[in-house]
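As recorded in TrEMBL, the features of this protein are as follows:
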type	residues	note
DOMAIN	50-134	domain 'Ig-like'
DOMAIN	139-245	domain 'Fibronectin type-III'
DOMAIN	258-350	domain 'Fibronectin type-III'
TRANSMEM	367-392	transmembrane segment
Amino acid sequence: FPGWSMRSDGSIVIATGNDDALGVYACTPYNSYGTAGASQPTRVLLKDPPAFTVRPKEEYFQEVGRELVIPCMAHGDPPPTITWVKLGSAGKNGAQVDANNSLIFRPLIKEQHGVWECMASNQVAHISTTTSVHVLGTSPHAVTNVSVLPLLLAANISWEPGFDGGYFQRFSVWYTPLVKHLPRAHHDWVSLSVPAGAQHLLVENLQPDMSYQFSVLAQNKLGSGPFSQIVTSVPRGFPQTTVPPEPPAMTVRIFLSPPQALTANETARGVLLQWEPPGQLSVALSGYALELRQDKGGWEVLDRSIPSTKTQVLVPGLIKDAFYEFRLVAFAGSYISDPSNTVNVSTAGMEVYPSRTQLPELLPQPVLAGVIGGICFLSVAVIFSTVVACIMNHRRAARIQKRRQ
């Protein structure tokens, strides 16, 4: 047949598999003395590789909390197995697959944003196709590929924006010296706003030959996304001269251990987190920052201004039937401790109500007191007006009765 050939080792090569190749084959070796007989017969069968009959669209846009169904169907012989995975993430992040092999998000959450791959495979071959899921109505995602170019007493920071959550996002660059002299041991991180639309910022007036840490934060109308990865860089100083350098100033080694014994307890108003202060610290504690992540997603900063005197905080407004993880870090000036132990909170069966993906911060006590006072004043005013109206109606009825008599 056309396209058929035999190799020197006796193998037969069929360039194109078709109905001509179907059948039973046997191999008979021989030489000048004859042959020992034919081999055991082998049967050639034709199988079809997988082929997609329904492909997902290239992109899907859906609001957070809504339902999203993405179809993917394929045929082949034998029938292929279809699997879904999220690229760059382990597992399906809470997504389900129905009997028709469609990917179902119910409800759609921020952590499910990204590129999803549908794979169809059988004994013949494996094929795949991808689609991008854009989750709208969330806080921004973290920026990526942060780079720092050291300059003379300055540094140029650039990055690639993450998804904006469906709203306009703005950026800020945060930086701090990694090693500080004693008089400046209590300075905090410095933040600089980035002009709208820019993806880089020049940070000037830095100290030469001192290590700095840089990070980028994205924000939109719903709140802040997670900080980017921290990048360390050393700005360049002036060229060295023959003048002997000044002796280096003495530095102070800072010890700051993480918060201890973080626990979570369910209450009628939310989840109460309690902890113990760091066991080792060589400078005054400035405060704490609370981080959370939902359903094994990325870590986000929930509250970065918890006073150092506090050892508990109430977290209201969790989404029902979800899995949360909380951890705490301590601040001492510009120094940040390692995270505390992680506590897990499942809201399955809890009496909580749905809220946005970005959890609301607690109202400050003065604001809360003002709101309660306003409500009480309005209640008293309504009761007083009702009583006055009743008295006036009673007097009017009495005067009418006297006139009739």
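Here the Cβ of each residue, glycine as well, is placed from N, Cα and C on the backbone.
In the domain 'Fibronectin type-III' (258-350), the DSSP tally of helix, strand and coil residues is 0 helix, 52 strand, 41 coil. Summarised by DSSP class, the composition of the domain 'Fibronectin type-III' (139-245) is 3 helix, 48 strand, 56 coil.
As a whole-number mean, the pLDDT of the domain 'Fibronectin type-III' (139-245) in this prediction is 84. With DSSP states grouped into helix (H, G, I), strand (E, B) and coil, the domain 'Ig-like' (50-134) comes out at 3 helix, 46 strand, 36 coil.
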